[in-house]
Structure formats: C-alpha cells, structure tokens
C-alpha cells in the first residue's frame with residue numbers, strides 16, 4: 001500500500017503509520033470512505049464499530065455495500081469489503097453500540113487516534129467524553145449535503161465537541177401533535193410516539209390520544225370522565241395505550257377504529273378547536289378511500305410512490321402483527337426501539353402518519369419522504385463524504401507526525417467563495433471553552449428548577465437528557481449523602497419525592513458522576529419559582545438555549561403558549577456540521593468562532 005511505497009511518505013510518518021492503531025466509529029457514508037482510505041494508506045491495525053445494518057437506501061453512497069449485503073452488519077461488511085483492497089490489514093469489526101459498557105476508557109486508551117463518522121448527537125457526546133478521559137485525539141467529521149467539516153478534539157489543547165452550545169432542537173407543542181396537526185411532520189411525530197406507546201419505551205409525555213378522561217372537555221366528550229369513579233386521591237384511573245392494545249391482542253381493526261375513528265370524533269366534540277380550523281374527518285375500517293381504486297403505474301422506486309389510505313391501512317395491519325410478534329419474542333418488560341431501517345417499524349410509522357394526515361387534510365407523503373423526516377436524514381452526497389474522509393485521514397497523518405498545530409478545523413463549502421476557496425481552514429486551533437461543563441479542569445453547571453416541585457425522577461432525567469449522561473450518580477457535596485444512584489433500586493423509593501423533601505435547597509451543590517463515561521461535574525441547584533421543568537445554566541447570567549417552539553400562523557393548528565421545557569438531545573439527530581463566518585478576505589472569522597450546527601434536529605415535544 002501507499003505507506004510501503006518508497007518515497008511517498010518520509011521515514012518518520014511511514015514508521016508511525018506502521019506502529020499505529022486506529023478506531024473508526026461509524027460505518028456509514030463517511031465511515032466507509034475513512035476505512036477505505038486507511039486501508040489503502042497502509043494503516044495496519046484498525047477497529048470499526050457500528051450498530052446499524054445495511055439498508056437499500058445506503059447503497060447509493062456507501063460504496064462498500066452492495067445489494068446482497070442488505071440486512072447485514074455495516075461494520076462486518078465494511079471490514080470484508082475493505083480487506084479486498086488490502087488483505088494484510090488487521091481489521092476488527094464490532095456490530096455493537098459504542099455506548100456499550102464493553103467500550104470503556106481502557107478500551108479507548110489502546111488507540112493512537114479515534115475517528116468519528118457518526119450520525120447522532122448522543123453517540124458523539126459519548127465518544128467525545130471517552131476520548132477526553134483516555135486522552136486520545138479525536139477527529140470529528142460531518143457532512144450536510146455539499147458542505148462538510150473536519151475538526152480535531154484534543155484534551156487541553158482544543159475545544160471539545162460540547163464546548164459550545166448546540167443549535168436548539170425544534171419543538172412541537174404536545175397539543176398540536178395530539179389534537180391539531182397542520183403539517184406532515186406533526187403526523188410523523190405522532191406516529192413515532194404511537195410506536196413507543198404500543199411497542200417501545202412508554203413515556204407519558206408522548207401520549208398520542210386526546211385526553212378522554214378530562215372532565216373539562218367540551219360538549220359530550222367529558223361525559224364519561226364526569227361519570228367515572230375517582231381514586232382515593234380524587235384522580236381518574238387511566239388505562240395505558242399498550243395495556244388496552246394488549247387486551248385486544250393488537251387487533252388492527254380495533255386499533256384503527258380507536259385511533260382514527262373514536263379519538264377523532266372525540267376531538268370534534270371540542271368545538272372551540274374548529275372555529276377557525278378545518279375539522280378532521282373520522283375514518284371507518286370498512287369504508288376507506290382508495291379501496292376500489294385500480295393500481296396506479298409509478299415509474300420511480302416503490303418507496304417513492306404515495307400509498308392510498310386503503311393501502312396504508314393494509315400496511316398498518318401487517319406491521320402491527322409483525323411488531324407484536326417481535327415484542328412477544330422478547331423477555332417480559334423489554335420493549336422495541338424504533339429504527340428507520342427496520343422494515344416493520346418504518347412501515348408502521350409511514351402508514352399511521354399518512355392515515356392521520358388524510359384525516360386532517362394534510363398532504364400525504366411517500367415512504368421515502370417520511371423516512372427522511374422521521375429519521376432526520378440530511379441529504380447525503382457521496383462526493384462530500386469522500387472529500388471529508390480524505391481530509392480526516394490527512395489530519396490523522398499530521399497527528400502521527402507530531403504536527404498537531406497544523407490540524408486546524410477545515411470546512412468544505414457548498415460552493416467556492418469569492419477567493420476561489422472550496423476548503424476554508426481555521427488559522428489556529430480553537431482553544432477549549434474555560435466554562436465547558438465537560439472538558440474544563442473543574443466542570444461546573446447550574447440547574448435552574450423549582451426545588452419544591454422537581455422530583456428526584458425529574459432530576460435523573462435532567463442529568464441524562466441535559467448533561468447527556470448514561471448512568472448518573474449524585475451525592476451532596478461536603479456531606480457524601482447519596483441522592484441518586486445508578487444501581488437499580490438503591491434510590492428508587494425517593495423517585496416521586498421533591499428535591500425539597502429529600503433535603504436539597506437553593507444553592508446546594510451536587511457532585512454528579514457517570515462511571516461509564518469517567519465524567520464528573522459539579523451541579524449547583526438554583527431555585528426559580530416560575531420554572532416549570534428544569535434548565536441548564538452554564539454561566540450565572542447566561543442560560544443554555546431552550547428548544548425553539550414551532551410557531552404556527554394565525555388560525556392554523558397549534559398551541560399559542562406551550563410551556564417551557566428542557567433542551568433535549570435525542571438519538572436520531574443527524575450529521576452535525578459547523579459553518580463558520582468569513583471575513584472580507586475570505587478567511588475564517590477571528591475567534592471566538594460562531595458555531596452554527598447545520599442539521600435537521602430531532603423533534604422535541606412540549607406539553608401543553
């Protein structure tokens with residue numbers, strides 16, 4: 001390979017490559033290109049990790065995969081294909097999640113360089129923290145269409161992946177999702193939440209049905225609630241969607257009748273909702289639009305054809321049965337995880353989203369379009385992936401030569417600027433943010449909340465979703481009192497108690513650590529009477545950005561004043577990239593850089 005051809009590399013680099021060991025995280029569009037470049041360059045020891053399997057939609061840009069590989073492990077197939085270029089390389093493939101306990105700090109320490117080619121923020125955060133803990137250089141990559149970036153992350157020398165706040169996630173008011181959708185994305189979010197209610201990890205905040213047990217409902221809708229017997233506390237017992245579905249043996253017709261018939265008629269009884277909106281139209285299983293239509297000719301790919309409502313109902317029935325079978329095959333208490341590349345899960349969301357869209361007079365979408373929106377897929381360009389992967393390996397070579405000062409961030413522009421530049425490098429390495437709550441010498445962050453109302457369970461959520469922890473443990477600083485434990489059952493009895501009830505107060509400092517990430521941060525509690533949930537504060541005067549609300553035009557479907565909530569980061573957000581401003585000379589703007597993450601964010605639903 002190249003490293004063994006005399007005169008291509010100097011002796012120092014040739015020897016460094018021969019003695020190096022590289023970890024590639026992600027075997028998608030960029031990961032395939034990186035692996036190919038490493039193999040052809042002559043890197044002898046490579047490990048690659050990816051949990052995903054190959055989908056038909058990957059084949060147009062992930063060139064190590066072919067039609068016969070669909071459904072197989074990306075990591076394993078990438079390894080086998082790469083070895084055809086250079087059989088002498090030792091490649092170890094892991095069909096696994098990099099967040100798994102098997103890949104701790106000691107695992108990362110064995111590598112000279114880690115190269116990220118990931119497509120979600122949660123995994124990126126995790127690898128960032130593991131590389132900081134192991135003190136291993138991380139080369140972060142990303143593309144979005146024709147734009148791209150390569151960035152070095154080195155402990156104590158450059159900013160880490162979490163040094164700057166990420167772009168706020170777009171949010172949709174919960175009542176818009178449940179009651180008054182007006183866009184296809186609202187129906188897609190609803191369908192993903194329905195998947196979780198029926199087959200996935202249940203979350204009360206993702207309830208998909210109108211609140212049929214609400215005594216304040218308009219018209220006849222609240223009659224059943226008013227006549228229901230309350231509990232001793234005065235509340236009304238509510239049956240979970242999954243329990244009800246299980247009682248019906250996941251009968252597709254009964255599920256359909258409730259979700260797309262009864263629930264819609266209930267919404268119609270809320271007359272105030274429809275004074276300035278076009279009301280929805282309930283559907284019945286035996287009389288669906290498109291039932292008697294002749295098959296239509298479509299010249300494109302099957303996934304690009306928009307199904308009729310009747311076809312959606314048939315797909316809904318088939319996917320319900322397939323998902324029920326999958327759920328039953330798992331241990332008691334286990335659940336499914338929605339994956340855009342899992343056929344039944346994607347079919348279910350496509351069918352449900354389109355049926356609901358028809359009911360609310362919203363344009364129906366093809367399976368291909370819905371997959372792009374549901375999976376938050378940024379259009380991928382094979383050429384951009386190849387360019388970014390090439391830049392990443394060039395940076396890896398510079399690191400091995402000890403020329404770390406030359407490893408500044410490089411940005412691939414969608415088009416050349418006025419100076420004819422397609423690649424725009426930063427002038428110097430970007431120093432760490434001294435107030436970063438991940439890589440600062442003594443990480444610290446504030447948590448604004450109403451201590452009288454926030455429960456321990458909510459605090460655990462704040463640590464996991466706000467601080468991106470996997471298994472948080474928290475003790476009171478100076479006292480050693482264990483407030484939260486990652487050990488099952490150790491502090492669960494306090495889950496519903498408020499922070500005030502367990503002895504915490506304004507100004508109290510918690511030492512929170514995650515043994516899986518070898519990460520510890522000091523969290524200061526800040527009492528705010530008006531805070532409805534929680535909010536991270538990285539500086540006393542500068543709160544972290546909250547999710548932006550999905551603003552709707554006057555008269556459109558949606559809530560006017562959704563409650564504030566946490567800034568969340570979920571698994572399905574797409575390839576992050578950083579687009580920087582340039583000065584008048586076409587050079588990158590002076591530091592501090594303005595980081596604008598260009599990505600299609602995963603949805604965040606706020607309660608009304």
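Backbone N, Cα and C define each Cβ position, glycine as well.
A TrEMBL annotation is a machine prediction, not a hand-curated record.
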What range among 133-166, 167-200, 201-234, 235-268 does TrEMBL describe as region 'Disordered'?
201-234
8 Å Cβ shell about 160, 163, 436, 439 centroid, Zn(2+) site members excluded:
132, 159, 161, 162, 432, 433, 438, 440
Considering Cα atoms only, can you say which of 160, 163, 175, 436, 439 is the nearest neighbour of residue 50 (ATP binding site) among these recorded positions?
160
Per DSSP, what is the helix/strand/coil residue tally across the domain 'Ubiquitin-activating enzyme SCCH' (334-371)?
22 helix, 0 strand, 16 coil
Show which residues of the chain containing residue 436 (Zn(2+) binding site), separated from it by at least 6 in sequence, have their CB under 8 Å from its CB.
159, 160, 162, 163, 443
Taking the Cβ of each of the binding-site residues and counting other Cβ atoms inside 10 Å, which one has the highest number: 26, 29?
26
10 Å Cβ neighbour count around residue 163 (Zn(2+) binding site)?
22
Let's check the environment of residue 160 (Zn(2+) binding site): how many other CB atoms sit within 10 Å of its CB?
23
Could you round the CA separation between residue 439 (Zn(2+) binding site) and residue 60 (ATP binding site) to a whole angstrom and send it over?
38
